[in-house]
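Per Swiss-Prot, the features are:
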| type | residues | note |
| --- | --- | --- |
| BINDING | 7, 18, 192, 213, 214 | 3-amino-2-oxopropyl phosphate binding site |
| BINDING | 9, 10, 45, 50, 100 | 1-deoxy-D-xylulose 5-phosphate binding site |
| ACT_SITE | 43 | active site, proton acceptor |
| ACT_SITE | 70 | active site, proton acceptor |
| SITE | 151 | site 'Transition state stabilizer' |
| ACT_SITE | 191 | active site, proton donor |
């Protein structure tokens, strides 16, 4: 059965609008755990636009479940991750001008670099993942890197302008899940998933985790963080294993 990992970046986005201390993404993460989330994910960006270094430290010290750290493949971020020791590191592309991560990491052509980059994490027991498109070339390259997981980008599916394109994107993701599994990779899905479109993956085997943030934070503004997380947990818990 897939599990829910909650991204609390946008709680930090709201906090940073006033450069204040609230709302606190660490508190939100604890509430998510109490509501049934099986892990927390944060993206420590190079420009520190939402999550801050202190947030990562506090989350690592206080979470009862798991911390997944999204980050760019830079020397600075590698040092932070090796010091904090999250349960998983997920490498993502990063552009300063983007509002949110716009697409998957290009792995093909960078296999040697990424192999060397993730090696120190494996040596101390940190799981590794690459946020990639559901493209066969990228999935095969990810397998050559030797990561334990891939997270397939669902943003193009979520943003599809019509039913035909949405089906095309879903079919590509489902095929990508199958290919990744045959290559020995564990598969997570994330980006743009919400309380409605997640049902398109209800009967798809082989999904380990759904990484969901924005839609949960959006609902939480109206219903509270605990109920918003619980609603998503209840949906995912109905999915077959």
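Cβ atoms are placed via backbone N, Cα and C, with glycine included.
Location within the structure of each feature annotated in Swiss-Prot.
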residue	record	Cβ within 10 Å
7	3-amino-2-oxopropyl phosphate binding site	26
9	1-deoxy-D-xylulose 5-phosphate binding site	22
18	3-amino-2-oxopropyl phosphate binding site	8
43	active site, proton acceptor	23
45	1-deoxy-D-xylulose 5-phosphate binding site	20
50	1-deoxy-D-xylulose 5-phosphate binding site	21
70	active site, proton acceptor	26
151	site 'Transition state stabilizer'	30
191	active site, proton donor	25
192	3-amino-2-oxopropyl phosphate binding site	18
Candidate with the highest Cβ count within 10 Å, taken from the binding-site residues 10, 214: 10
Cα-Cα distance linking residue 45 (1-deoxy-D-xylulose 5-phosphate binding site) and residue 192 (3-amino-2-oxopropyl phosphate binding site), given in Å to the nearest integer: 19
Cβ neighbour count within 10 Å of residue 213 (3-amino-2-oxopropyl phosphate binding site): 23
Secondary structure at residue 10 (1-deoxy-D-xylulose 5-phosphate binding site), reduced by DSSP to three states: helix
Recorded positions near residue 10 (1-deoxy-D-xylulose 5-phosphate binding site), in sequence order, restricted to 18, 70, 151, 191 and a 10 Å Cα cut-off: none
Among 7, 18, 192, 213, 214, the record's 3-amino-2-oxopropyl phosphate binders - longest CA distance, Å: 26
